[in-house]
Amino acid sequence: MGDRRFIDFQFQDLNSSLRPRLGNATANNTCIVDDSFKYNLNGAVYSVVFILGLITNSASLFVFCFRMKMRSETAIFITNLALSDLLFVCTLPFKIFYNFNRHWPFGDTLCKISGTAFLTNIYGSMLFLTCISVDRFLAIVYPFRSRTIRTRRNSAIVCAGVWILVLSGGISASLFSTTNVNNATTTCFEGFSKRVWKTYLSKITIFIEVVGFIIPLILNVSCSSVVLRTLRKPATLSQIGTNKKKVLKMITVHMAVFVVCFVPYNSVLFLYALVRSQAITNCLLERFAKIMYPITLCLATLNCCFDPFIYYFTLESFQKSFYINTHIRMESLFKTETPLTPKPSLPAIQEEVSDQTTNNGGELMLESTF
């Protein structure tokens, strides 16, 4: 009898020592995770993204629309990417207020619009980056055969398809983004019930992950790998000359933005959806998912600040326009009463910026694409 009591005591002691390691679980198997740090983190990151993203993407759109006039196929993709970033940035003041005050006073409609803008930007950015990567692949690997495919009309059609796809997914997910009132505090885009996750959101998440992340990731990696392999060929090197370094920089920046901003978020989102729908009931994994989700979410929103680097390294005419406009602004700040040198007229500047190359092989692979 004494041995039995000793064994029961040892078993209870072992069970109590293991319980904290499995997470703070209560008697009804619910896992308690404190993720309240996300509000201050999101508010701070959103504030930075709003300031930098608004300035850089507004300036970029001005250059694309009024200086370059979207004369190349790649410029059309990049213009739509900048537009996606700018639309999302314009909704950030509402999110900043919400995260710092932990209260959403703007109503259910703005909550849905804010959620749609976020999803549209994240997955629209990945798809537009994929379009740029595929366009670069066609221009370098098949410079002559791709002439009939790489047209401004086809680029516009592809962009329209991307917008329809991401808006459909964003609106579908945001239909469940209703505001919830708890203790006189209104929340937005959080607090979904387990039933909603199991019935709807888990399926929507899987669809968005496959179409908006896995397929673009495969295409980006594949196209970039083939382009890098093609650049090693002597025939390609003789065509593009010293611009090989520019192409390498462009691919590096492109893949860096994709990997840093989107891979962590989408990887954690998949785990987060499994946890919230209770497909996985391990408390340790649930804690990991709920802690890492807001962190990777902030990384994903930083793409609005990093995308202008892609604009700069992808379009040589964008670099020219950026340099010319910066030079003019600096001259206007420090100009004297009697100008020492005549300034170029605006038509001349526009002509210089929007100059397009001819259709020979080397120029086709560079200026019209990058």
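Cβ from N, Cα, C; glycine included.
Look at Swiss-Prot and you will find C111-C188 tagged as disulfide bond, backed by sequence analysis. Positions annotated as N-linked glycosylation site by Swiss-Prot, on the basis of sequence analysis: N15, N24, N28, N183. The topological domain 'Extracellular' annotation in Swiss-Prot covers 1-43, 95-112, 177-203, 276-294. Look at Swiss-Prot and you will find 65-73, 134-155, 225-254, 316-370 tagged as topological domain 'Cytoplasmic'. What Swiss-Prot records for 44-64, 74-94, 113-133, 156-176, 204-224, 255-275, 295-315 is transmembrane segment.
According to DSSP, N183 (N-linked glycosylation site) sits in a coil region rather than a helix or strand.
The highest tally of CB pairs under 8 A with the transmembrane segment (156-176), across 44-64, 74-94, 113-133, 204-224, 295-315, is held by 113-133. Helix first, then strand, then coil: DSSP counts for the topological domain 'Extracellular' (95-112) stand at 13 helix, 0 strand, 5 coil.
Cβ contacts within 10 Å of C188 (disulfide bond), excluding its own Cβ and spanning all protein chains shown: 23. The stretch from 44-64, 74-94, 113-133, 204-224, 295-315 that makes the most Cβ contacts under 8 Å with the transmembrane segment (255-275) is 295-315. Within the chain, the topological domain 'Extracellular' (95-112) has long-range Cβ neighbours (under 8 A, six or more residues past its boundaries) at 38-40, 42-43, 46-47, 50, 171, 174-175, 177-179, 185-189.
Same-chain residues lying 6+ beyond the ends of the transmembrane segment (113-133) with a Cβ under 8 Å from its Cβ atoms: 74, 77-78, 80-81, 84-85, 87-88, 90-91, 94-95, 155, 158-159, 162-163, 165-167, 169-171, 173-174, 177, 188-189, 208, 211-213, 215-217, 219-220, 223-224, 254, 257-258, 261-262, 265, 300-301, 303-304, 307, 310, 314. Same-chain residues lying 6+ beyond the ends of the transmembrane segment (295-315) with a Cβ under 8 Å from its Cβ atoms: 41-42, 45-46, 48-49, 52-53, 56-57, 60, 68, 72, 74-75, 78, 81-82, 85, 88-89, 118, 121-122, 125, 129, 132, 246, 249-250, 253-254, 256-257, 260-262, 264-265, 267-269, 322, 370. Confidence for the topological domain 'Cytoplasmic' (134-155), expressed as mean pLDDT, is 89. A simple way to gauge crowding: the CB of C111 (disulfide bond) has 22 other CB atoms within 10 angstroms, across all the protein chains here.
A gap of 19 Å separates the Cα atoms of N183 (N-linked glycosylation site) and C111 (disulfide bond). Proximity of distant same-chain residues to the topological domain 'Extracellular' (177-203), defined by a Cβ-Cβ separation under 8 Å and at least 6 residues beyond the stretch ends, is recorded for 98, 102-108, 111-112, 114-115, 118, 273-274, 276-279.
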